[in-house]
Structures are given as structure tokens and as C-alpha cells.
Amino acid sequence: MDEFELIKKITPSSLSHREVEIGIGDDAAVYESKAGYEEIVCVDTMVDGVHFLSSHSSPGDIGYKALAVNISDIAAMGGYPKFYLVSLAIPSGWNESAIETMYEEMNKLAKLYKMDLIGGDTVSTNGPLVITVTVIGEIEKGKVCLRSHAQPGDVVFVTGELGSSSAGLALLLEKISTKDEGLAQYLIERHKRPKPQIEAGLICSHYERVALNDISDGLANELNEIAVASRVSIDIYQNMIPKHAELHKLHTEWEKFVLFGGEDFELVGTISSQDWERFAQECADHQVSVTQIGQVSQESDIKVFLLSGQNRVPLEKKGYQHFK
Ligand SMILES: Nc1ncnc2c1ncn2[C@@H]1O[C@H](COP(=O)(O)OP(=O)(O)O)[C@@H](O)[C@H]1O
Ligand SMILES: Cc1ncc(C[n+]2csc(CCOP(=O)(O)OP(=O)(O)O)c2C)c(N)n1
Ligand SMILES: [Mg+2]
Ligand SMILES: [Mg+2]
Ligand SMILES: [Mg+2]
């Protein structure tokens with residue numbers, strides 16, 4: 001593989017954003033920032049064997065997800081994504097056409113948001129494939145949705161449905177099985193091709209005080225992060241959490257997928273109860289699915305509680321954790 005040929009091939013022939021002064025081709029990218037806006041920057045890394053298996057996911061799937069999970073972090077701030085940079089550590093077994101396919105799939109996703117590829121880095125490695133994507137987004141000044149925004153009395157909500165991605169992973173890894181081919185395909189697709197909730201995040205940013213987090217490590221983890229950042233406690237009703245209608249048929253412990261599974265890349269958040277109905281209506285008007293799953297409680301304890309029937313038990317900060 002020729003490093004310089006590869007860079008030439010992946011360099012976009014034109015850019016959507018006119019404020020880019022220098023894209024790929026110099027020591028660093030340069031763009032002009034916009035008055036009245038704040039920039040949002042995030043980075044996430046995916047490693048073969050940890051975040052995906054190259055034996056089970058195509059190069060296109062890997063590229064798609066590496067970009068999607070970063071767009072999801074921009075959504076979780078209420079922002080809109082504009083630029084991305086891609087760093088690749090490529091093992092010797094990977095050929096140029098596989099890498100190009102990764103870029104093509106990233107490019108297709110990026111185009112949906114008019115995002116521009118403005119840089120990156122390419123190195124060889126004796127280890128597994130590592131892909132690191134940085135995304136830069138923007139938001140009107142003062143509109144970001146922080147984890148610290150929750151207050152007692154707020155409504156707790158999630159977008160979409162939870163548990164599908166980790167059920168898809170369990171199917172991929174053959175930890176569970178189903179005869180329902182259509183269901184299996186759907187869940188695996190949810191795992192490989194999560195949809196960043198940019199539109200939901202944008203709607204949130206129009207409200208006074210929304211706390212937001214995207215669900216990468218599992219609902220329990222993300223809710224605990226909001227509780228800690230906001231110094232509040234949260235009550236969640238087990239039977240209100242949206243999930244795929246067939247999920248419970250897959251495994252007796254299907255609730256673990258919903259609460260601790262992760263990688264749904266839906267948004268979980270809180271909004272003032274006065275704003276909730278207007279917000280839910282605005283989401284419905286834009287075909288964005290949101291569901292109330294609980295409320296921020298008055299207690300002084302900084303904890304998340306799961307309510308089912310007469311039981312109210314702490315929802316532990318359990319979910320995906322590296323180094324465990
Ligand atoms: N190695 C690191 N160096 C500096 N900051 C980091 C590092 N790893 C994570 N962070 C920061 O810690 C915070 C939480 O990271 P993370 O749990 O990965 O968030 P997310 O789940 O949204 O990707 C973020 O602000 C992130 O930028
Ligand atoms: C082969 C494989 N094993 C396990 C998982 C499950 N998994 C890996 S990382 C992760 C959590 C999200 O990744 P992380 O690096 O923590 O992203 P971040 O929280 O920073 O967005 C999960 C649920 C997977 N996707 N693929
Ligand atoms: Mg991260
Ligand atoms: Mg996140
Ligand atoms: Mg994580």
C-alpha cells in the first residue's frame with residue numbers, strides 16, 4: 001500500500017463548507033470559525049477485537065460506525081457536525097481497496113450532514129486495525145445540552161428503542177440465537193449501523209435546560225453520569241423503557257440488553273416538566289421518537305433507581321467498561 005497514493009485517493013474533490021481555508025494537504029487543517037457559534041470537538045477510537053471484529057464486520061461497516069459514534073457525541077451536546085478527521089493504524093493484512101471502502105462508507109454518512117473530511121493520519125502497525133475519528137461540530141452560543149443540566153422534577157426521556165444493538169452483538173457472537181432471520185438481521189444492523197440522533201439533539205438545543213448523553217456504554221451508565229454531573233437522583237420505570245417488541249423472546253435476561261447493553265447510540269436526557277409536552281410534540285412533528293422513562297427526583301442521594309412493581313432498587317453504574 002502506498003501511503004501517499006491512498007491520501008490522494010481519499011482527498012475530497014470539493015468541500016461543502018466554504019470556511020475551510022486548508023483541508024487535506026498541509027501540516028494541519030485551517031478553517032474560519034463563525035461569529036455567534038461555539039465549536040464542539042470529540043474523538044473516539046475503535047479497535048479490532050474490542051469494538052468490532054473484522055471477521056464479522058465489513059470495512060464499510062467499520063468506517064460507518066467509527067464516524068457515526070462521533071456524530072452521536074455531537075448530537076449528545078445538541079450540536080450539528082461539520083468536519084471530521086480520520087486516523088488509521090493499518091495492519092499488513094489490509095489492502096488498499098478495503099481502506100478505500102471504509103472511506104466511501106464514511107463519506108456517504110458524512111454527506112447526509114454535509115460534513116467535510118479535513119485531515120487525518122495514516123500509519124502501519126503490527127497490532128490490530130485502529131481507527132480514530134475526530135468530529136468538529138457547531139452550536140449557537142449558549143445552547144449546549146450538558147450532563148449537568150438536570151434538576152429535580154424534570155422529565156427523563158430516551159430517543160428510539162434500547163437493547164437492540166447489544167442483542168445484535170450477542171447474535172453476531174453467537175451467544176444467543178433466533179430462528180427469526182428478519183429479526184436477527186434487524187438487530188445486527190442496529191449494532192453495525194447505529195443512527196446518530198442529530199435531529200433529536202437539535203430539537204433539545206432549542207429548549208432552556210436539557211441534560212443529554214448518548215448511550216454508548218449502556219443506559220445505567222449514562223443515567224448515572226447525568227445524576228453525578230447534576231448532583232441529583234433519578235427514578236426510572238422499567239416498564240416505560242422502549243424496546244423492540246420481540247426482544248424479550250431472544251433471551252430470559254433480555255432486560256440486561258436494555259439496561260446495560262450499550263451502543264444503541266440513542267440519546268437519554270432530562271427536560272423541565274413544563275417543556276415536556278411541547279418538546280414531545282415537536283419531536284413527533286419531526287418523526288423523532290421520544291419516550292418518557294422516569295423523572296428526576298427530589299432526594300438528596302445522588303443515585304439512579306429502577307422501579308418495577310413495588311420495588312425501587314438502585315440501578316448500578318454497570319455497563320461496558322474498558323480495563324475490566
Ligand atoms: N485519554 C484521554 N485523554 C483526555 N481526555 C479523555 C481521555 N479519554 C476520555 N477523555 C475525556 O473524558 C470524557 C469522557 O469520555 P468518554 O467516557 O469516552 O465519553 P463518551 O462516552 O461520550 O465517548 C470526555 O470529555 C473525553 O474527552
Ligand atoms: C467484538 C466486540 N466486543 C464487545 C463489544 C461491546 N462494546 C465494545 S466497546 C463498548 C462501549 C462503547 O465503546 P467506548 O470505547 O467505551 O465508547 P465511548 O463510551 O467512549 O463512546 C461496547 C458495548 C463490541 N462492540 N464488539
Ligand atoms: Mg469516548
Ligand atoms: Mg458520549
Ligand atoms: Mg465508553
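Each position is counted from 1, following the chain as shown.
Backbone N, Cα and C atoms are what each Cβ position is placed from, and that goes for glycine too.
Annotated features, as they stand in TrEMBL:
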DOMAIN    25-139  domain 'PurM-like N-terminal'
BINDING   D27, D73  Mg(2+) 4 binding site
BINDING   D27, D73, D214  Mg(2+) 3 binding site
BINDING   D44, D73  Mg(2+) 2 binding site
BINDING   D44, D121  Mg(2+) 1 binding site
BINDING   H51, E263, Y320  substrate binding site
BINDING   Y103, G120, D121, R147, S216  ATP binding site
DOMAIN    151-305  domain 'PurM-like C-terminal'
BINDING   D217  Mg(2+) 5 binding site
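Counting other C-beta atoms within 10 Å of each candidate's C-beta, the binding-site residues S216, Y320 are led by S216.
Each of the binding-site residues D27, D44 was scored by the number of other CB atoms within 10 A of its CB, and the lowest score belongs to D27. Among the binding-site residues D27, D44, H51, D121, D217, residues whose Cβ is positioned under 6 Å from ligand 2 are identified as D44, H51, D217. Distance between Cα atoms for H51 (substrate binding site) and S216 (ATP binding site): 11 Å, as a whole number. Checking the binding-site residues D73, D121, R147, Y320 against ligand 1, the ones whose Cβ sits under 6 Å from it are D73. Taking a Cβ distance under 6 Å to any atom of ligand 3 as the criterion, the binding-site residues D44, G120, S216, E263 reduce to D44. In this structure, S216 are the binding-site residues from D27, D73, G120, D214, S216 whose C-beta falls under 6 Å of some atom of ligand 5.
Surrounding the centroid of the Cβ atoms of H51, E263, Y320, where the record places substrate, the chain contributes additional residues within 8 Å, namely L169, S216, D217, G262. Using a 10 Å Cα-Cα cut-off from Y320 (substrate binding site), the binding-site residues that qualify among Y103, G120, R147, D214, S216, D217 are S216, D217. In sequence order, A211, L212, N213, E225, I226, A229, S230 are the residues of the chain that are 6 or more apart from R147 (ATP binding site) and have a CB within less than 8 Å of its CB. Around E263 (substrate binding site), the C-beta neighbours below 8 angstroms that are at least 6 residues distant in the chain are S165, S166, L169, H191, P194, I215, S216, Y320. According to DSSP, D44 (Mg(2+) 2 binding site) sits within a strand segment. Listed in sequence order, the binding-site residues among H51, D214, D217, E263, Y320 whose CB lies under 6 angstroms from an atom of ligand 4 come out as D214. In sequence order, K9, I10, G63, V86, L117 constitute the residues six or more apart from Y103 (ATP binding site) in its chain with CB-CB distances below 8 Å. A separation of roughly 11 Å, to the nearest angstrom, links the Cα atoms of D121 (Mg(2+) 1 binding site) and D27 (Mg(2+) 4 binding site).
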